[in-house]
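Peer 1: As listed in TrEMBL for this protein:
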SIGNAL    1-23  signal peptide
DISULFID  Cys33-Cys48  disulfide bond
DOMAIN    60-213  domain 'Cupin type-1'
BINDING   Asn107, His112, Glu117  oxalate binding site
BINDING   His110, His112, Glu117, His158  Mn(2+) binding site
Amino acid sequence: MASSSSFLVFAALLALVSWQAKASDPSPLQDFCVVDKNSPVLVNGFVCKNPMDVNADDFFKAANLDKPRITNKVGSNVTLINVMQIGGLNTLGISLARIDYAPLGQNPPHTHPRATEILTVLEGTLYVGFVTSNPENKFLSKVLNKGDVFVFPVGLIHFQFNPNPYKPAVAIAALSSQNPGAITIANAVFGSKPPISDDVLAKAFQVEKNTIDWLQAQFWENNHY
């Protein structure tokens, strides 16, 4: 009986450790694993190139993140530096983004399915917030000024808005994944290809179908570059 109980405790601990291990990017088992862009092998992440072929440029990008970006119609531009831009980020579990906000611009409600985000305001003021999961759906928000820092937990819907009608704002964000992903809520729901049935969305949002049809007819622009 004691042996059976010990086994159950061990199994529970193993399940817990396995779940935590899957909650973020896998830890590297060597110093680095630079992406081999020529490999035909498909894995969860990217195959490593031969370490003897690695050089400093595999960990570098002249990204010009000190330069302002042109914003789109929602008033933002997200310049993401992830494993697709720097192959040396493979297996390291981190990426970076510069976010530019036009006056009254926003980075609209979105989620990162694979990363927690920590954001620092470099210039201007931002009104930011996130919503917790069901059933509470608690909304937590804050006005940030230059030098302030805010954290958006992994997977939760969040946004940033520049409330100043005259001055732009700039932020830098670090994300806990080499490839955090981004799902902009409006784009995903109303701009999916092919479109989600208007019957489904009308029922979900409790509105008339013609309202859904109008929303689906809009151009849902991507602000991630």
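Cβ from N, Cα, C; glycine included.
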Peer 1: What's the CA to CA span in angstrom from Asn107 (oxalate binding site) over to Cys48 (disulfide bond)?
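Peer 2: Taking the Cα atoms only, Asn107 (oxalate binding site) lies 34 Å from Cys48 (disulfide bond).
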Peer 1: What is the set of residues, excluding Asn107, His112, Glu117, whose C-beta falls within 8 angstroms of the centroid of the C-beta atoms at the oxalate site?
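Peer 2: Counting only non-site residues, the set is Val78, Ala97, His110, Thr111, Ala115, Leu119, Phe152, His158, Ala173, Leu175, Pro180, Ala182.
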Peer 1: Express the distance between the Cα positions of Cys33 (disulfide bond) and His110 (Mn(2+) binding site) as a whole number of Å.
Peer 2: 30
Peer 1: I'd like to know the mean pLDDT over the domain 'Cupin type-1' (60-213).
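Peer 2: Summarising the domain 'Cupin type-1' (60-213) by its mean pLDDT gives 96.
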Peer 1: What's the CA to CA span in angstrom from His158 (Mn(2+) binding site) over to Glu117 (oxalate binding site)?
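Peer 2: Distance (Cα to Cα, whole Å): 10 Å.
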Peer 1: Around the Mn(2+) site recorded as His110, His112, Glu117, His158, what other same-chain residues have a C-beta within 8 angstroms of the site's C-beta center?
Peer 2: Thr111, Ala115, Phe130, Phe152, Leu156, Ile157, Pro180, Ala182
